[in-house]
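To start, the structure under review is shown below, and the notes come after it.
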Amino acid sequence: MKLVIKVTGKFFDDQGDKTPLSSAIRSLVQEGHRVALVTGGGTTARKYISLGRSLNLNEASLDLLGIWVARLNAFLMALSMPDLAYSRIPESLEQFLEYWGHGKVVVVGGFQPGQSTAAVSALVAEAISADYLVMVTTVEGVFDSDPKKNPNAKFLPRVTTTELKSILENTQSVKAGTYELLDPMAMKIVERSRIKVIVTSVDKIGKLTRIIKGEETASIVEPV
């Protein structure tokens with residue numbers, strides 16, 4: 001299968017061991033999958049965006065700051081897999097497709113201002129006709145409300161994009177560093193190309209192969 005793995009930037013926020021991610025990618029490749037990895041910017045990106053705001057930078061410039069941090073995280077992961085990953089980080093979809101043609105794992109940060117890394121991951125999934133877009137987040141899947149605010153939030157093993165849009169309504173923002181699980185642009189891409197999305201937690205990175213096989217709990221978002 002062709003897989004796009006989007007990992008929240010919060011995975012890179014602490015100094016903890018990052019080998020579970022590279023090990024999971026390695027396992028997927030060994031099982032015969034083609035893999036693209038997309039990394040977010042996390043707290044470091046938001047820190048630079050905040051510094052940029054203090055200097056009165058515009059939203060496009062703030063986006064660029066976040067993109068460069070996401071690319072740094074991508075470069076870190078590419079360096080950690082020298083035998084598997086293409087050594088350069090693409091800065092556009094055209095570059096991504098060029099690197100993808102070499103047959104290796106391609107690791108991506110951001111492309112251009114106005115796009116979240118969620119949108120980038122959806123674009124990449126669309127461009128390679130991915131079987132799944134796997135969103136690795138800070139929660140174990142999709143809930144009917146924010147589980148961090150509502151302890152009684154209900155876990156949803158299957159949800160449509162229409163239902164997910166309703167859940168996320170009024171929580172989206174287009175400002176740099178404030179994107180949600182799937183922002184409007186990412187949602188449109190998922191719907192127009194009917195990309196199946198799996199949502200899981202960073203705590204389960206080591207179980208990605210089982211998640212892909214449906215042997216581990218995760219949420220599946222069906223495009224409609």
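Keep in mind that glycine also has a Cβ here, set from the backbone N, Cα and C atoms.
Summary of the site annotation: Swiss-Prot records UMP binding at Gly41, Phe111, Gln112, Pro113, Gly114, Gln115, Ser116, Thr117. Screening the candidates Asp17, Asp63 against this entry identifies Asp63 as the one listed for that site.
Ranked by how many other Cβ atoms sit within 10 Å of their Cβ, the binding-site residues Gly41, Pro113 place Pro113 at the bottom.
The subset of binding-site residues (Gly41, Pro113, Gln115, Thr117) lying with their Cα within 10 Å of the Cα of Lys6 (ATP binding site) consists of Thr117, given in sequence order. Take the mean position of the Cβ atoms of Gly41, Asp63, Phe111, Gln112, Pro113, Gly114, Gln115, Ser116, Thr117, the recorded UMP site; other residues of that chain with a Cβ within 8 Å of it are Gly66, Ile67, Gly110, Ala119, Val120.
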